[in-house]
Amino acid sequence: MYLVAGDRGLAGCGHLLVSLLGLLLLLARSGTRALVCLPCDESKCEEPRNCPGSIVQGVCGCCYTCASQRNESCGGTFGIYGTCDRGLRCVIRPPLNGDSLTEYEAGVCEDENWTDDQLLGFKPCNENLIAGCNIINGKCECNTIRTCSNPFEFPSQDMCLSALKRIEEEKPDCSKARCEVQFSPRCPEDSVLIEGYAPPGECCPLPSRCVCNPAGCLRKVCQPGNLNILVSKASGKPGECCDLYECKPVFGVDCRTVECPPVQQTACPPDSYETQVRLTADGCCTLPTRCECLSGLCGFPVCEVGSTPRIVSRGDGTPGKCCDVFECVNDTKPACVFNNVEYYDGDMFRMDNCRFCRCQGGVAICFTAQCGEINCERYYVPEGECCPVCEDPVYPFNNPAGCYANGLILAHGDRWREDDCTFCQCVNGERHCVATVCGQTCTNPVKVPGECCPVCEEPTIITVDPPACGELSNCTLTGKDCINGFKRDHNGCRTCQCINTEELCSERKQGCTLNCPFGFLTDAQNCEICECRPRPKKCRPIICDKYCPLGLLKNKHGCDICRCKKCPELSCSKICPLGFQQDSHGCLICKCREASASAGPPILSGTCLTVDGHHHKNEESWHDGCRECYCLNGREMCALITCPVPACGNPTIHPGQCCPSCADDFVVQKPELSTPSICHAPGGEYFVEGETWNIDSCTQCTCHSGRVLCETEVCPPLLCQNPSRTQDSCCPQCTDQPFRPSLSRNNSVPNYCKNDEGDIFLAAESWKPDVCTSCICIDSVISCFSESCPSVSCERPVLRKGQCCPYCIEDTIPKKVVCHFSGKAYADEERWDLDSCTHCYCLQGQTLCSTVSCPPLPCVEPINVEGSCCPMCPEMYVPEPTNIPIEKTNHRGEVDLEVPLWPTPSENDIVHLPRDMGHLQVDYRDNRLHPSEDSSLDSIASVVVPIIICLSIIIAFLFINQKKQWIPLLCWYRTPTKPSSLNNQLVSVDCKKGTRVQVDSSQRMLRIAEPDARFSGFYSMQKQNHLQADNFYQTV
């Protein structure tokens, strides 16, 4: 029994020992799967050196190690054998005996052979140790970090300290600055907070912002048999800074459980081939194949004699259209017909002065000549030419000798063409020649025989994506150091090198064909330009004792004469089609003459705060992503862009876009800049560098670097659904009852709102999150209203910065036209005189002139009066009133000052008549004659003499005006106290009709007479500014 009992006890102990041994083995096995990591101490980490690729974190996520390269080991438990570099994958092959994969096998790094859709533009990032410094809170903070891109502004501490010293010297006075309170946003895990700081030269800090932190992007560590697959690409915005990966199994999947999608058989065209079959990531299914063009297939056909190849369709390099398709046709060339003249294939002909055509396959392909910019005050377009040329100022005709050119003798003022590009003018016996200025807007201009300026056979508007130029880092040069600008690389980006004078001037004379015996003229930068220097003047020394502050006058040869200048020399580079304005002394000033200038808003000064919330210094230029902008005296001036009007009722401007679009409209509308010119305003006017004007009552524009930049009024938020804009308002207004907020008295509700970006708004505060939306904070809830855009009738509506809806600028700008006559430009409705007999008028671009015809005179010996067109009889001539002393020389050669007998009367002046008119003394007051109180005339003389004089005057006028209407004497009885006159000529009024005034001239001019309520039977003279007022169409 005991034995049995003892056997049973031993058996129980044996079972217990076996159980304990199995538990220990299980713990031992499980211990091999555990990963024990000590607390991270980066000071004990060794920096990996000479890594052939990038670096990755170790298994414990503390220290860095070199990433495994192609054909190196990887995988294992927790990736203990290594992690493959970017662009490689860890491939673990199944065992040869058919067993399933475990997590202990080691893999090999191989290339990733995924499709483009699976990779999503996956690119490796080579992280390196980068050292540098940044200015933070007025101090230089330096550090050394491992990153992909350089986050430092200065590469060394010395450069940072020198920049900090320069900033301290230019630091503004911030004692009175008022800065807005900036709230710091809460950043996602993949980004870091950049605290707002005050830029150099500014007092207020910029808002704090979140920026992506590449070091915070971690890739998942997948178990063996799985691979990191890129699912979505990072967008660069906080919250989307990192690429998103998922772990997917690799070749360890049982394909029997995988259902593959059907793959259609690809049939490729004859000009292409089918690519090889590829497998999916799990190795179970095949991917669709695609067609690619065959290499070396395209060629030029060889046609038989008598036929030539002609292209049928152009190839674009895609399967089915890999090559151009030709056909052989007969040699009979189709012709182009223009003005009943046939032109064959390849022939060029001229449609008008500026358009040339080439006949191609029976179709006329026309192009426009390319004219360049001219920098002169006076210019003209030669007859039969397109591009203007500069013209010398008009000199008085002093030399009767002409110019000898091309075997002909030409007179003063004559112009002729020397060659294709040179035009000359005869000025006082000397030939002055200038060259045509040509422009170039295409890469391959074509020279037309017999023409100066080339033409572009490709479209004249070339759309080129601007190069993505980064900031000019590690460069201590400033704009003051490089007065001629910075050099640019092949991508058009600035480099840290200045343009010297030789490089700047080399382009000024490029293509110049003038042969100038006395050299070339120079511009403001002392660079030679394509214009000849005139013959040097040989002047004799003069002796002049006059003191002339403004210098002496010059004769036609450019030599000084002993006469003083009354006006200073005009040094101005502006191009003014209407000429320059004059000051009170009649001297020209550097300001263009305008027909009418509307008063604009006052010009501010200082820095600009843009609509986007950025600060810019005065005269600073920048590009806001959509348009070119410029800071002018505190105003943000931006170029107008052309945008289509959205069709929906609640448009918005999406991030990264420039034009308003609808929510479901995914087509990015690229804005077009308004047609660039040499500051050619939308209204048709020309402006020069630095000039400002108003295109309407709401928009002020300026000319900067050859582009029209405009600023507009910033509009407040609109708290209604359907705002509208009237012609007399600059901003849209709420036509219906606007939303009026009422403050809540519920203390349990917070008195602020918070949007999705973390911005905080107070109760009843309104704002515009974008230019098309207005919001308001009520009871901690944000309510928003969208603006809808009305339809427009123009082809190219423009969009001002800061506004939502495009509009037609043609509706607000009156079209102004200019008349060109004798080399001068005149504004619309402007008048001028060619001489005393010919008067001209500009009407809508047409020049209309009228000539006065002189009537026969009853006298035998008429006289010519200076300033008058027609001669007149001596008894009709009455000298005009004057009180200017006249110089007369007596018989001894002395100069006497003599005042005329008819002084200009002023108030309370007494006029003494000559002796031959009797002893009549009158007092001139209130513009009327009054008998003097101390007159000694007797009663008979005071009555008879005036009657005789009046009857003589009346008989003389009735005889002269016998063809005119008789003047009823009763009409003169109602003449007002102020006499009516026109151009110092006698005015006769028809009292019965009251609407026509006849001037004593052979060409009678019609005037409109309107009743004046102050005087009974009197009509005031109202000058009308149109052709019917001056009778340019007919004479009576």
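Counting starts with 1 at the first residue shown.
Including glycine, each Cβ sits where the backbone N, Cα and C put it.
For 1-34, the entry in Swiss-Prot reads signal peptide, with the evidence type experimental evidence.
What Swiss-Prot lists as domain 'IGFBP N-terminal' is 35-112. Here the domain 'IGFBP N-terminal' (35-112) has, by DSSP, the following mix of helix, strand and coil residues: 6 helix, 21 strand, 51 coil.
The feature topological domain 'Extracellular' is assigned by Swiss-Prot to 35-939. The average pLDDT for the topological domain 'Extracellular' (35-939) in the predicted structure is 73.
Cβ neighbours within 10 Å of Asn71 (N-linked glycosylation site), excluding its own Cβ and spanning all shown chains: 9. Positions annotated as N-linked glycosylation site by Swiss-Prot: Asn71 (among others).
For Asn113 (among others), the entry in Swiss-Prot reads N-linked glycosylation site, with the evidence type sequence analysis.
Cβ neighbour count for Asn330 (N-linked glycosylation site) (all protein chains, 10 Å cutoff from its Cβ): 10. The N-linked glycosylation site annotation in Swiss-Prot covers Asn330 (among others).
Its own atom aside, the Cβ of Asn474 (N-linked glycosylation site) has 13 Cβ atoms within 10 angstroms in the protein chains shown. Taken from Swiss-Prot, the feature N-linked glycosylation site covers Asn474 (among others).
Positions annotated as domain 'VWFC 3' by Swiss-Prot, on the basis of sequence analysis: 606-663.
The feature domain 'VWFC 4' is assigned by Swiss-Prot to 677-735.
Under the heading N-linked glycosylation site, Swiss-Prot lists Asn746 (among others), citing sequence analysis as support.
The topological domain 'Cytoplasmic' annotation in Swiss-Prot covers 961-1036.
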Inter-residue Cα distance where the pair is Asn71 (N-linked glycosylation site) and Asn330 (N-linked glycosylation site), in Å: 64
Euclidean distance between Cα atoms of Asn71 (N-linked glycosylation site) and Asn474 (N-linked glycosylation site), Å: 41
